[in-house]
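Taken from TrEMBL, the feature region 'Disordered' applies to A:1-21. The transmembrane segment annotation in TrEMBL covers A:31-55, A:92-110, A:116-136, A:143-163, A:183-208, A:234-255, A:267-283, A:290-310, A:316-335.
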């Protein structure tokens, strides 16, 4: 490095001091949703004392684990400046395919009856392969990520219906059920898994060179390439991780519900994007943090739970939930002060 | 400004960077035809040529982004590394492109050490910011490393890019039109910085459309024309006319210094009248008048408020107080359609951002403001649009395959002619032009300025808002703005030094 002699820093007027400052202003945005979460907790407690019970909190968190994993995947992909709509189909197809390969034809399986121990591996491999195929179309053939993954969303959903004959799969091997139903140290395993994956993601994207390259690519691909980052390779890996996380979310959902629904994950992608954007992830790429995205997930989970506890009728809950998401987006826009393109 | 004391070390050692007999073609287009350049260590070398002369191709070959079809590149006499070895290239040559290679969403510190924040391990953010602060301080760049790069000014951004380039160990730096987006004061600071670095042994290749700048900071100049090397000479030995001749390949008629038009009679009607205009934070108490047939210049530094004033006249901004009268009408403030309807023609500052829709054709872009007149009831009659566009293409000498070509395919100069043609399309009575010749080559500049002269001769009152002295030479008078006020009204016959010192806010002698 040139300029090795340490020169006294010139005095600065206002602003954060370089190197020494505690939290730069930009970082504060990560915590923008924390007050909202606290407010929701207070509101929840006022509406129904049950809200604060350990059982309810655990329930809320567990229900959000699958969404959380999809948001984790989508957030990383969005930061890299790409899109993946097909995640909501992967969450259904990956476990459906894996289960169909191991269960007998009598239970709507494919009749291959592979060893049941392979199911988890097959499921994750399916997710990985879907991500890799998305990458092939987007990066090699230079197709638009939006339309490619929209197409994949439909194709994958169709594949699941074709494979299962449109039926729910009930005869699930215990190994597949385990992750979504086990309880470790008094807390559902799925919460441990999602939580630790988020921690892993936050550390990787915040403190490692390869993680930072995801931000660089999303911020300005040409500049990233000029700095020696292998942009295509990184994006490809990110898309594969996305598929993998969606498959894992599929496993958790299957374990929690005890079956693979024919429409598993259907319509989830809107909530995924809403959570990411409420959490401060930019659809333009290069901006936002995984902690923010996680806060977005928690906010939506709490809102959902409060609506249920408040006794809002099931026929209206969807419209109200959607409207609240729109309001939350408007609030996020107002507090961040920047347009969400 | 005549500081050419550093004589290039011609005798000492091999050139810092050298391209020999380099050829490159893209399909049928020859971008370079056995062209070459030799940049001596420690000099600032200018590379000039009109748009399309091959400068960009030569730069991308010199920086290892493109492989030449034939010929060779040497640094300090040693053949260049292979194209795949980006690290080796970065240690030899760095380029500050016109297009930013900064990532706006990341901090300055991270941009400086992009992809080398740490080895395989964890990033030490605190240490990274300290390293960045040291690096910036080492080059005297006063930028907060913790700031988001997107918040930097163009000037700061360039300095950060230069510091980053030097931190890789490169001692040869290519500056691709670094002054295009800077105001006069920032350009001077950049030049001071370049001279400082030069005295520590850094070599520059400087690309600019402003020939004045070539004489100011460079020791030698290489001219490219039509993909060929034309000459390399010390700038002291080359007159301005000779340089222009080398660039255009035709003698004489450099930049005609207007002044032939008869003076505008005091009885000519006022077409643009600005009274007591104020916009907090930009300008205040601005009065100005432009008469029919008059050409008035408006100059000032980037912070003088001149562009904000022009945008207010055009209705893009809304003044806090004061009035704008166009040809006797007072259009509703802050409304562009109202200003246009009142008889204003406006050429925006940045043709890429505000001037053109790149994927639409020349015809559509040029006729956009008069689309309502091309047919009844909002219908745009294709034949009339085409005929109108063809007339404009002939009149303004736009080099294009035809009215259907997308403007994104045009060179900078010709794209600017389309914007000007559009501003003139509805025969405006008052015309406001902001930086009409920015980033445009010498010949296009001449034809743009003559079109402006013609418009004035045709009875329009023209306000030319520009930093470029050449744009202002044919103006009857030039208004100087400083910190939001019009401080001087300079009649024709000014000298460059006179006007520049006024822009800098220096008192009149």
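Each residue, glycine too, has its Cβ placed from N, Cα and C.
Across A:92-110, A:116-136, A:234-255, the stretch most heavily in contact with the transmembrane segment (A:183-208), judged by Cβ pairs under 8 Å, is A:234-255.
At the 8 Å Cβ threshold, with sequence separation of at least 6, the transmembrane segment (A:92-110) comes into contact with the transmembrane segment (A:143-163) through 3 or more pairs. Only residues 6 or more beyond the boundaries of the transmembrane segment (A:290-310), in the same chain, are considered here, and those with a CB under 8 A from a CB of the stretch are 29-30, 32-34, 36-37, 40-41, 43-44, 47-48, 50-51, 56, 59-61, 63-64, 67-68, 71-72, 75-76, 198, 201-202, 205, 271, 274-281, 317, 320-321, 324-325, 328.
Tertiary proximity for the transmembrane segment (A:267-283) is limited to same-chain residues at least six positions away from its ends with a CB under 8 Å from its CB atoms, namely 29-30, 32-33, 67, 70-71, 74-75, 78-79, 85, 87-88, 91, 153, 289, 292-297, 299-300, 325, 328-329, 332, 336, 340-341. Outside the transmembrane segment (A:143-163), and at least 6 residues removed from its termini, the chain residues within Cβ reach (under 8 Å) are 82-86, 88-90, 92-93, 96-97, 100, 110, 130, 133-134, 137, 262, 264, 266, 269.
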